[in-house]
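Take a look at the structure set out below.
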Ligand SMILES: NC(=O)c1ccc[n+]([C@@H]2O[C@H](COP(=O)([O-])OP(=O)(O)OC[C@H]3O[C@@H](n4cnc5c(N)ncnc54)[C@H](O)[C@@H]3O)[C@@H](O)[C@H]2O)c1
């Protein structure tokens, strides 16, 4: 199987490192407008192949023509990010130009691979990708609130001092300040949070404080280390694995909404063919209001920065 990786900055290089050890791809093509950087990352990764734990796969820097037989393409290409940006939407204007260019170049070569967007603001970028040409919409998706969902479970687990994998919960809406944690459907090993607190004698959780942390923690990481890449790389690699193995996972991803006017995250059934079904789940009143605000915010970003 063949992977195309477009953008090999902080996030792209971590994805390359993680995906190399997935042992799913025999070929990986790396494309970046900074060709020197692409060459450097590729050779650095090739040098791990003299070690017993690293499979001998073909990792090369290349061009769009090399994507003709790709199975999946991951896009992290982006204008420069800056820890002092007020919000991810500050990247919109520049990254609308990037995604337009990327989609046209892919389309000229192939319309077969699934395309996973990571570039921010990921909802708007995923939407724009569906509008640039007639690339099949169901093959285009973004990581959306998959990352927030992991952060949400981690924050809850930290409060209770348990394994985050014992928390069942997810986040929908916008990847950013308008992420919506779905508290009404959050459980721990099948128990409601109230039941869990009662049975475990753990202190009750402050939902408002956790909700406020979900986006803020990314800026804490951004501020402290200058970028975020580890968790988003793992998020992307898990998604790519699910797609390629046709696992039929249901994940909070962003894709073209039913009304065709934006992309937003909701639980989404994805297969080797791409987006199969988006679940319009029932929400409580607060969640519904927050979800509508998230959609309005994404719509406003699209209207301000993208005129077709
Ligand atoms: N969706 C998420 O959850 C999430 C999480 C973290 C970061 N991000 C986003 O991922 C993107 C990448 O972040 P990063 O830290 O790796 O940035 P970075 O600046 O380190 O890397 C971006 C790379 O894209 C390349 N590039 C720019 N234009 C290109 C084009 N037209 N074609 C090919 N390559 C191009 C640049 O040369 C650079 O190497 C950003 O938009 C960031 O906000 C998203």
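Glycine residues also receive a Cβ, built from the backbone N, Cα and C atoms like all the rest.
TrEMBL does not curate its annotations; it predicts them automatically.
Of the residues 95, 104, 133, 137, TrEMBL puts just one in the NAD(+) site with 7, 8, 9, 10, 11, 12, 32, 118, 119, 120: 95. The least crowded of the recorded positions 11, 32, 120, 175, judged by other CB atoms within 10 A of its own CB, is 32. Summarised as a single figure, the pLDDT of the domain 'Lactate/malate dehydrogenase C-terminal' (145-307) averages 97. The C-beta environment of residue 118 (NAD(+) binding site), restricted to residues of the same chain at least 6 apart in sequence and closer than 8 Å, consists of 7, 11, 15, 74, 75, 76, 142, 143, 232, 236. Across the residues the record lists as binding NAD(+) (7, 8, 9, 10, 11, 12, 32, 95, 118, 119, 120), the two Cα atoms farthest apart are 17 Å from each other.
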